[in-house]
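K.L.:
Okay, here's the structure, questions in a sec.
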Amino acid sequence: MGNAESNVSSAVKKQTDSGSLKIYSLANVKGGGELVQLMKDAAKTKDYDSLDDKISELVLPFLYNNGEGKMVPIQELVITRNKERPKHRQLPQNREGDSKATAKSSSVDIETISKDEGAPQFREVCWDLDQRGSVGETVLHLCLLVSTPIHTELAKRLLKLYPKLANDIYQCDEYYGENVLHMAIVNEDPVMTKFLLDNGANYNERAIGSFFGPEDQKNSRNDNLAHEWVDVPLKTDYKGYVYWGEYPLPFAACLGQEECYRLLLAKGADPDLQDTNGNTVLHILVIQNKLEIFDMVYECGASLDIKNNQGLTPLTLAAKLAMKDIYFHILTLQREIYWELGNITCAAYPLDDIDTINSKTGEINKLSVLNLVVYGERIDHLDMLSGLLADLLNAKWNKFVKFSHINHCYLLESNTSSQQIRYFLEALTAAGGLAYILDAIREAQFLGYHTFTQNMMTVPSRVLFMCSCFIMMLMIPLRFTCSHQGEDISAVFVMLTTAPYFLFFCRGFKLVGPFVVMIYKMILTDLLCFVTIYIVFVLGFAQTYYVIFLSYKADKPSFFDDPIQSVLAMFIMSLSEFGDIYEQFNYTQHQNISKVFFIMYMALVALLLINMLIAMMGKTYQDIAERKNEWMRQWARIVLVVERGVPPNICLEQQRNYSQPMADGRRALVLRLEHDEDEKEELRCISEMRTSNIENRIRRQKLHGGKNANI
């Protein structure tokens, strides 16, 4: 494997050119080479002793210490790999140009160094690094890359003669770390996989080349001389054609190779080892949406509790990526069954990764399933709101959010001519505005200003309402300084910025919620795009008519006396109110030109742009109307926004009201569920699977001391 869709075009071309490097005289990707021909001849004559002698004669010049290998500093390998990067991503040693000599001087023979000293700093290499293929491969790699029966037999002969070849890896940045075990798994060859494992192939080797990583991290990888793996940015969407988790074990899982997976597991491979992004086998299966193999991996002892570098467990990762089938399946695996009676089941769902309230501190957990699903933008996120999350939201709403919501929504209004009542209500309104400001400051203190800002950005109407509260405070000094005009202007802005806040409270109702979302969506997408283009046309034609009307001769004032008025006139014309304006064209010296421009303007703006806006809004309306759970998402966001305004200690107290403790002390939402016969059979299978998972993790911990095998 290794060269499909590669970015190393020049190296791949050399790999297909059998005469470009000496190694390709032994074997090449076209299926030729001296060793291959010798293997074919030996298969006919059955004279394998002569074959072994000839292999030794041809291969030994390419090996370190007659096949015994040599310990090479990791730094040398990293520096050599780094040379393939763009200049701005190269290490200082490569930019200076003298690194290789410095690094190579550190190379030592395997006999001269102890294992303890060499383990973290050196890698054992058998095939001479200077006599590799164009992408850093050995003859053994080429045998598995071509993977015909002859090449497979040749690979076995090579390993019998020189077993340390099994752990040589690709050296180029594209495929760095890939060994023959990875390749045997990709070839779907469990027989070869077992042969390699029996001959000492490293089942914990990591394929960390850019070919095996997420697409959005390929251009941001950085080398570090402190370790062999690459540094990658935390932010990623995990999308990659061959992002299979680096280790052979997740490779086997992603490719559905159950036999290879169990062989690796039996040898001691750990399914809880984490790759560069912190993902385990289960994380990778979520990313690749491999539900059919997920149960087997879980049953064999993989943990559902490990978090990756972004702080996501397999469950929360499924929630973030909107992998709804695996998401619902993991929920089923994690729940505890308390009792069954006929078709009724009482089940407890642990809230650690599900609820937005941290069960220990009461603080908001932004990486919870509920938060990730509610603020997710994909269509499948809407389907994930049903079931458990809907029950959790109802529990929150009924226990404490509903009352806080009503308090936020309450607005006192009264119309009276009595000055005393008016003064009283004005004072009450000002006090209410001040109370909202103080409440926002308190919320920002316990949430943190970064989280508070993010929370406000999810509700633009609330931002406007907070602006109205600040403007209201500004009205107080304006009243006492008798600045009536400034006070009136401020009052107008207060009313304009307060009114949209009512839309926030309408979002959670099934009848009007989708329409509020439509308004938001149309303003932020359709209208914004339309206005941008519309302004270009209006400003352009406004300047044109302003110049034309410089020659205007009539007693009646012109609509284009100044540039600002010209813009307003063009706006009026776009609304098809052009009767009076059109008559004034006859009083200029450029009647024909003005009428031609009029036709162009009406065709482009009044006909084309306006109808385009209507079509865009119609599509937006249809898209949102088809989302059956959109109103529930808006209601869920209201619940979370109100919840974030509650202090952590009160959140913790309220969580205890709608949840119950489990045997291990965790909080859980307990539900009574009704099942049919098929679902009851599935429950029994899942119960057996959970038991096998625990037993296999205990067994692995005893046999191999797996540090992640926490029960």
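Cβ atoms are placed via backbone N, Cα and C, with glycine included.
Just lifted these from TrEMBL, have a look:
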DOMAIN    414-628  domain 'Ion transport'
REGION    83-109  region 'Disordered'
REPEAT    176-208  repeat 'ANK'
REPEAT    244-276  repeat 'ANK'
REPEAT    277-309  repeat 'ANK'
TRANSMEM  421-438  transmembrane segment
TRANSMEM  459-477  transmembrane segment
TRANSMEM  527-548  transmembrane segment
TRANSMEM  596-618  transmembrane segment
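Situate these features within the shown structure.
P.N.:
The average pLDDT for the repeat 'ANK' (176-208) in the predicted structure is 93.
Below 8 angstroms of C-beta separation, residues 177, 181-182, 184-186, 188, 190, 193-194, 197, 203-208, 212-213, 229-230, 232, 282-285, 288, 290, 292-293, 296-297, 300-303, 306, 308, 700, 703-704, 706, 708-709 of the same chain, each at least six residues beyond the ends of the repeat 'ANK' (244-276), sit close to that stretch.
Residues of the same chain lying 6 or more positions beyond the ends of the repeat 'ANK' (277-309) and with a Cβ under 8 Å from any Cβ of it are 214, 232, 234, 236, 238-239, 243-245, 247, 249-250, 253-254, 256, 258, 261-262, 265, 271, 315, 317-318, 321, 323, 325-326, 329-330, 333-334, 689, 692-693, 695-697, 699-700, 708-710.
Listed by sequence, the residues of this chain that lie at least six past the ends of the transmembrane segment (459-477) yet keep a Cβ under 8 A from its Cβ atoms are 429-430, 433-434, 436-437, 440, 487, 490-491, 493-495, 497-498, 500-501, 503-504, 520, 637, 641.
Long-range Cβ contacts of the transmembrane segment (596-618) within its own chain (Cβ-Cβ under 8 Å, at least 6 residues beyond either end) map to 522, 525-527, 529-530, 533-534, 537-538, 541, 544-545, 548, 570, 573-576, 578, 582, 585.
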K.L.:
How about long-range neighbours of the transmembrane segment (527-548): same chain, 6 or more residues beyond its ends, C-beta under 8 Å?
P.N.:
560, 562-563, 566-567, 569-571, 574, 588, 590, 593-594, 597, 601, 604-605, 609, 612-613, 616
K.L.:
Looking only at the repeat 'ANK' (244-276), what are its DSSP counts of helix, strand and coil residues?
P.N.:
17 helix, 0 strand, 16 coil
K.L.:
Would you mind splitting the repeat 'ANK' (277-309) into helix, strand and coil residue counts from DSSP?
P.N.:
16 helix, 0 strand, 17 coil
